[in-house]
Every structure is written in C-alpha cells, then in structure tokens.
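Report on the structure given below.
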Amino acid sequence: MTLKEPLRDSPVAGTLSTFIVPGLMLFLLFVILPVLFAAYVSFFRWNGLGGVPTEFVGLENFQALLKDEVFLGDLWRLGLIVVLSLLVQLPLSFGLAMLLHQRFPGRTAFRLLFFVPYVLTEAVTAVLFRLVFSPRRGFADSLLGSLGIDAQIGWLSDRNIIMFVVFGILTWKFFGFHMILFLAGRQNIPDELYEAAAIDGATRGQAFRNITLPLMGPTARMIVFLSVIGAVQLFDLVYVLTGGGPFHASETLAITMYEQGFQRNQIGYASALSIAMFLISLVFALLYQRYVLNRDLQGSITASGGTRS
Amino acid sequence: MTLTMRNARILRHTGFYIAAFLTTAFVATPILFALLGGFKDNQQLRENALGLPAPWNTANYTDVLASGTFWQQLFSSVFIALVTTFIVVICSAMIAFAFARFAFRGREGLFTLFAAGMMFPFAVAVLPLFIILRTFELLNSPFGVILPQAAFGLPLTIIILRTFFRQIPAEVEEAATIDGAGPWLFFTRILLPMSRPVLATVSVLALVGSWNSFLLPLVVLQKSTWWTLPLGVTQFSGQFASDTAKVLAFVMLAMLPALVFYAFAERHLISGLTAGGTKG
C-alpha cells in the first residue's frame, strides 16, 4: 500500500468506484478475460464448438508449433522484415528527417506529403497495391513497359520476390511516421550544442557525428522497438494483399493464427500460436527495455518528454 | 569566397530538392494511380496506363457514390469510430482522474494491470473475443466491434491522461472543494474543460485506431449490414475484380475521408499519432 498523498484525498468508496468500475469492467471483460482464455485454451485440442474445451493435451500444441514449417517460416519472415527495416527503412527515414530539418522553401509541404501514407488505412492501402501490382492492367507492369522492359514479373505470385514487394509497401506506408519521429528528436537537440561546437572549430561533419548521431540514439531505439512490435503483429496489409500466399510465402504469425483459428477451427492450436506471439513481444520488450532502452530512461536528454513517472 | 559559398548553397539545395522530389514521386505515384485510374475506363487503363485520362470518365466515381453501399459503409465506419472514441475517452478520463487525484488501496496494482494491457497484441485476443462475443450475441452488431476496441484503447489513453491530470496543480482542486464542489463537479466542470488539448490528442488516437481497424470487424461483422469501409473495400475489390477502374474509384473514395481529416487536423493528427508512438 503506497499512500504518498495525505488521506484527505481519499474519497468515499462509492464515488471512487463510479469512476473506476465502468472502464475496469470493459477492460476485464474484453482484454484480460480473452487473453487468459487464450492461454487456457492453448492447452486443449478444441474446435470452438459445443461448450467448454475438454480434451486436455498439455504442451502438445506448442510442440506441434515448433515443428510447423509455416510457423517457423513466419518467424524467418519476421526476422527478414526486421532486418530489412533496420538496413533500409530506418536510414531512409533518418536521412529524410535530416533533410527536412534544413531550412529550404517548401519543406513543410514535403513533410506533410511524406506523412500521407501513414494516415491511410492498411487494408485500403493493400487493395490499392494489389491493383498496382496486378498482372492485368497493373500499374507497375505498365510503368516498366513504358521503359521498354516487357518482363513478366509476378509481383505478387513469385515466391522469391513477394517478401520484397511486401517490404517495399511497408516502407511506403511507414517511413513517413518514422521520419516525423526522427524530426521531432532532431528538433529537441538544443542549438547551443552546435554553436559551442562551431566555436570550438568543429566542422559540420564532426558536429553531425559527435552531436546529432549520439543524441538521436533514443529516438532511433524507440523506432526500432515500435518497428519490431509492429512486425510481430503484422496482419491487415499482408492479409489483404496476398492472403499470406503464394503457398505461405508471405504469411505472418497473425495470418497463420487467423487461418488456423477461423478457417480450420483449430482453436486450441491457434490459441497456442497467439500465446507464442504474445511471448515473443513480451520477451523482446523486456530484453529491449532492460538492455537497450534502460539508459535512455536515465539519461538527461530523451526523445520527447514521454518518459515521465 | 561569398560566391563559392553561394554556389555551395545552391548545390546543396539542388540536392535537397532532388531527394525530396524523388520521395514525393515514390509517395504520390500509387495515390495518383488510384485518383486518375478512377477517371479512366478499363480500356484506357490497359492502353494508356501512365497518361492522364482521355476522355475524363466520371462514371466510376458517380456509380460508387450512387450505390448506397459506400454511404452505408461510411456511416458504419463513422458511427463505430465515434462511439468507440466516446466510450474510451470517457472511461479512461474517469479512471485516469481516480489514478491521478485519489489515494486508495491497490492503486498502483490496478495501474500496473492497465499498463500491462499495452503488452497484449490485439491478435492474441481475437479468437477468444470471437467466442465471448458469440456468447453475448454481439456478432454482427456494431457493439461487437466497439466494446473490444474501446477496451483495447484504454491503457494508452489512461497513461496519457493520467500524466496530464497529475500536472494540474492541487490548488485548483482545493479552490473547487472550498467552493463546495465534490469530485464529480470538479471532474466535469473544471478538469475536463481544462484538459481539452490532451482530450483532443487521445480522441484523435482512438478515432484513427477505430477507423483503420480491420481484423476485429472482419471477424465480428459477417453480414454486410454493418461493414466498415476497410471491409467494404476489400469485399468490393473481390467482387468487381474484373473492373479495375471502378475498384480504383472505390479505393480513392475510401481514402478520401482520412485525407480530408488529415488536411484539416494535420497538427492534432501528427501530435496524437507521434504521442501514441513514443509513449507506447
């Protein structure tokens, strides 16, 4: 029991519960209960019909997961997306943020424009790109055709390139968001630091290496965190774009869960998968907080003041 | 000396503009493809994929706008988003108020419980949610989408609001108490009006989250009566797979509300979404 404030702040229990109960009910019923239920069902073989699950199978669902090539493939593709994001998307959005931090006419317009894809609904974006990459009247093919390249590229049907197409679309959708976060981080670096460096005779390059890069660290680490958590949960865009195909070549954890649960009625197995998703995010979040974000939270200059309490 | 500096600046600016225009082309091409493609017919799409529509053909857009389905789905999306936002903001504000201004037994534990809710990916809960909603006969009802969405929106909203409510000086509350205001009166008459900016931020977050949500409506709304726009667009594109131009028009019209909202509430939208990002 922690009572830091004096007791006069303590209201009668009735008043207090009117403030808390509605939201708490909602939260328990639609967040906590489902998550506990998923954890429980993951130990059963169950088709979701006819009352409560009865066929207890212990860890069998989890053991099956570790042998499931689709699940292992999902993990591999998750890793691929994360690595590509770190190598391509992050530097791209960082570079653009540095660019738009400079004063030149029209930069506000560019900033607004680059954020537009992030505002659009993922599912709608996916429909749009399905048409861009459609084998019939697709814009991508026409564009290449006008350049004299009449290649029959199966953008969405070639399993060797599908993940790169998906990644390209993810970049289109999310670089603007990351750029805005970087831009906010850059604007939080006090100008005095650069003035002091200039007085000490530092070149622009030296100032960039020794001031900008280290002080953008917290923002970059936060963006990496958001990207990984987002990649674990990726569903809408890929499901609408390809349905996980061709032959699972673009499937994600959430799509496999959806297929197993809602299309094959393997509720127990799908629940085990969803618990695995949860554990992946949780373990990543804990390790990341412990080893990577930890020092940011203690540092004096942090991303955006969002680290109170 | 000054001349070379000016040259260097011009050179640098040229570099900026090249990079900026390349990115602009990258961003704008797909959207222009939808916008202009909607004004073409399918033959033009095949033979004149890159050029402007000739002639401009408005039938795709007018067909979609006259069809009723679009308006019905727009209404569903707006209704579900507004009710979700209302519920999540009211419930969160009350809880955040209790967390920020009252001392009571179990407060920290309860707060940790809500904060832990941020760790649950929505996909983890969607299967059991489906079963729970089926039990309550909320399938095919807008509230089957609204209530879980609102519940999952609570943690982030509570955290942001609690931080803000804590910053309001205790003197304000003391003055209200001396004037005879109880907690309710203080909450509704003083605290909420004082918190308008942060309420706008969290409302934008909830609104956008609901507007974009796909997995939950996909699972809950099996009948088309309450389909939201994201569901409607995917279904429409499957149904009219052979009529690319019309699907492009539908896609463009479905993107339009978000674009208009962005154009008018750009500052709130960006600050809301980045707050959601960095506080997560």
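Placement of Cβ uses the backbone N, Cα and C atoms for every residue, glycine included.
If one looks beyond the transmembrane segment (B:15-36) by at least 6 residues along the same chain, the residues whose Cβ comes under 8 Å of a Cβ in the stretch are 52-53, 248, 251-252, 255. The transmembrane segment annotation in TrEMBL covers B:15-36 (among others).
According to TrEMBL, the transmembrane segment annotation covers B:74-99 (among others). Sequence-distant contacts of the transmembrane segment (B:74-99), counting only residues of its own chain at least 6 positions beyond either end whose CB sits under 8 Å from a CB of the stretch, comprise 107, 110-111, 114, 142, 145-147, 149-150, 153-154, 157-158, 161-162, 164-165, 183, 187, 191-192, 195, 199, 202-203, 206-207, 209-211, 217, 226-230, 257.
TrEMBL lists B:74-265 with the feature domain 'ABC transmembrane type-1'.
When Cβ-Cβ distances below 8 Å are used as the criterion, the transmembrane segment (B:111-133) is approached by residues 95, 99, 139, 144, 148, 152, 154-156, 158-159, 162, 215-216, 219-220, 280 of the same chain, each at least six residues removed from its ends. Residues or ranges marked as transmembrane segment by TrEMBL: B:111-133 (among others).
Counting only same-chain residues 6+ beyond the ends of the transmembrane segment (B:145-165), those with a CB under 8 A from a CB of the stretch are 80, 83-84, 87-89, 91-93, 95-97, 99-101, 111, 114-118, 120, 122, 125, 129, 133, 138, 191, 195, 198-199, 201-202, 205-206, 209-210, 213, 216-217, 220-221, 226, 228, 275-276, 279-280. Feature annotation from TrEMBL assigns transmembrane segment to B:145-165 (among others).
Residues or ranges marked as transmembrane segment by TrEMBL: B:198-221 (among others).
Listed as Cβ neighbours of the transmembrane segment (B:247-265) (distance under 8 Å, sequence separation of 6 or more from its ends, same chain) are residues 31, 33-35, 37-39, 60-61, 63-65, 70, 74, 77, 204, 211, 229-230, 232-233, 236-237, 240-241. Taken from TrEMBL, the feature transmembrane segment applies to B:247-265 (among others).
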